[in-house]
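A quick write-up on the structure given underneath.
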Amino acid sequence: MENFFIVKKLASATYGKALNVDLNKLLQALNHHSLQGLISYCSALTILHYDYSTLAARLSVYLLHQSTASSFSKAVSLQAAQSCSRLSSHFVDVVYKYKAIFDSYIDYSRDYKLSLLGIETMKNSYLLKNKDGVIMERPQDAYMRVAIMIHGMGRVVNMKMILLTYDLLSRHVITHASPTMFNAGTKKPQLSSCFLLNVNDNLENLYDMVKTAGIISGGGGGIGLCLSGIRAKNSFISGSGLRSNGIQNYIVLQNASQCYANQGGLRPGAYAVYLELWHQDIFTFLQMPRLKGQMAEQRLNAPNLKYGLWVPDLFMEILEDQIHNRGDGTWYLFSPDQAPNLHKVFDLERSQHENAHREFKKLYYQYVAEKRYTGVTTAKEIIKEWFKTVVQVGNPYIGFKDAINRKSNLSHVGTITNSNLCIEITIPCWEGNEAEQGVCNLAAVNLAAFIRESSYDYRGLIEAAGNVTENLDNIIDNGYYPTEATRRSNMRHRPIGIGVFGLADVFASLKMKFGSPEAIAIDEAIHAALYYGAMRRSIELAKEKGSHPSFPGSAASKGLLQPDLWVRCGDLIPSWENRVAQTTQGVLTPKKWWQLRLAAIQGVRNGYLTALMPTATSSNSTGKNECFEPFTSNLYTRRTLSGEFIILNKYLMDDLEEINLWSEDIQQQLLNAGGSIQHILDIPAEIRERYKTSREMNQKILTKHAAARNPFVSQSMSLNYYFYEPELSQVLTVLVLGWKKGLTTGSYYCHFSPGAGTQKKIIRNSEKACNADCEACLL
């Protein structure tokens, strides 16, 4: 009861409803323990009004401010004086030299804009601590630290860009990736998020990749490994006269490495392993995530890894024919030592014409004719085995190998054999002479920051995309590389990955529903603007600093933009420019796209520009919904490394308050329904339709939205699906639809659970299965 009266006073003072309350005096009368209790108490009241969560966040910020330095330079000075300081001397020197500018520009009041989940995430993961675990900086200090790392650590201190980047970060217009946030300004600034490794079939390289992955993970990077080149189990090893163990024991070894090499001590290590479907060990691979009992006791499972399938068009064609009884689904299995290079070729075209450029199909059937196969199965049997596992653990992911390669600006560099931890990064990588290990630096733009009453500010989005492009390009030069092969790859291709978050917030603010023609058009236009802004700035940077070394021969060097590759493949109609011009109200016209093509021929700074990653941490910090996803629920608890937090859909609450419907009765019905409003008939049908959760909407809607935005994505996207029941037919429907529409990602996670209306839990847990595992490429 005491908490209730204190909270009532605090709420009145905070929101200006009781001017006779001295907020500072009231807070100073409370000790640390009492304030922590109030934070928990306020958080529990979120179901009544999201302002309680806001109040809890402000109390948490107040508590942090009481124990940290009151100026940026002082915070840096205190950290530098620590015996085990992580800060680099160069960074400290820059801060001391320009401390008057930094101290006067930083705005600590912006810390109070963070959500409760945001401030707790910052405290747990991003803010620098001393050796005893005591937090030494505030969120604004972290934003300034990142800005200085990006624009102040080179030969020239670009003060204008430092302050602009700080401003964009602190106002939550943009966010940078987790490794950038917690490693910026330190002695070993590994700022990159995603790493791609290709494992060769020799003992030395097999163990080298264990070491490399562990080193990368220790610096905060997430890892994707291609295993398609490893010979199958029982294959003969001529050098020793023995038989191969295949991929299973190696996967177990990488699983152990991941568990040991956590990400900078801040969160668990995170690896994903990829395999092509023709590999003899494919069934073993598909079973490993779910092995239990005796197999688990013998340590033949690897439950901590993520798994991904690299799926060629040929398999999808055979699968579709088998589904529709047009063929028997025969699928041949090979060991790469007997049938080499299948993972190194792809089909440039999807045409069935005999003269079509289909190198994978040609080589596959050549090996069949030569009887090099070691097993025979059917496409259905493989997909059924995949489904058994995906129902239990949500993955293996599905990446469409040929679509990824034929739509890559870097297809001339080499075949893309795998993706990263969250299947949105697609960089060629290989071992051997002049080895390259793929690297990508990530950031994301807050789409909700550009809502202007009932319209959208595409010009602002274009400008922000340009600023992020320059930031990420600098990170390539200023970051630490764990291996020479990672440095070589990043310097040669200079790939960046700009993502988004808050798309659902945009639709809610504009009172649109997912799947409507208007929403799909805006989705397309937003990602067109994002790509345009990034490409425009990359071209400008090329004029200033030079193109990336692998630019000659790239699609851009021939005047082909990312959507042009989709048009060439027949997956996008040529009139897309007119459609985007109409949606953006003339901001992006066909003429501007042609000017961009002509300029690109002269040079582009970055081989890749956009990639749509999960953004749980950014969403947590800013109170916006994750990446391009619909709302998972209108009320749920979010479990993170920072604890559990109640999340209430503020847009729904505002809409219901607007029509005087937000009441205790509605709150209770929302609780009873597990966050769904579909059966609360007092709520108008139009609002119920707009606030369908990700599971309640037809999953084809998610595929159609993905198809609208994918042509403007340089790499790929972390595309989730949500189903009530584990029915293979439903999953196949969206996978085949996505493949036919030319998507690069078939699926990231597939979530299955009973519908909200059938659950009687008070609050349903958020289904972010990847949250604790995949945060390396989360923002």
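Quick reminder: no glycine exception, Cβ is built from N, Cα and C everywhere.
Same-site candidate for substrate binding, as annotated by Swiss-Prot with Ser178, Ser193, Cys194, Asn420, Leu421, Cys422, Ile423, Glu424, Pro614, Thr615, Ala616, Thr617, Ser618, chosen from Gly152, Gly220, Gly222, Gly586: Gly222. Between the candidate recorded positions, Ser178, Asn420, Thr617, the densest Cβ environment within 10 Å is the one around Asn420. The Cβ neighbour count for Cys194 (substrate binding site), using a 10 Å radius and every protein chain shown, is 30. When Cβ atoms from all protein chains are considered, those within 10 Å of Tyr748 (site 'Important for electron transfer') total 27, not counting its own. Cys440 (disulfide bond) and Asn420 (active site, proton acceptor) have their C-alpha atoms 10 Å apart, to the nearest angstrom. For Cys422 (active site, cysteine radical intermediate), the spatially nearest entry among the recorded positions Cys194, Asp201, Thr617 is Cys194, judged by CA separation. Tyr748 (site 'Important for electron transfer') and Glu424 (active site, proton acceptor) are 9 Å apart (CA-CA, integer value). Shown are the recorded positions Asp201, Glu424; the one with the most C-beta atoms within 10 angstroms of its own C-beta is Glu424. Proximity to Asp201 (site 'Allosteric effector binding'), defined by a C-alpha to C-alpha distance within 10 angstroms, is shown by the following recorded positions from Ser178, Arg231, Asn420, Thr615, Thr617, Tyr748: Arg231. When Cα-Cα distances from Arg231 (site 'Allosteric effector binding') are compared across the binding-site residues Cys194, Thr615, Thr617, the shortest belongs to Cys194.
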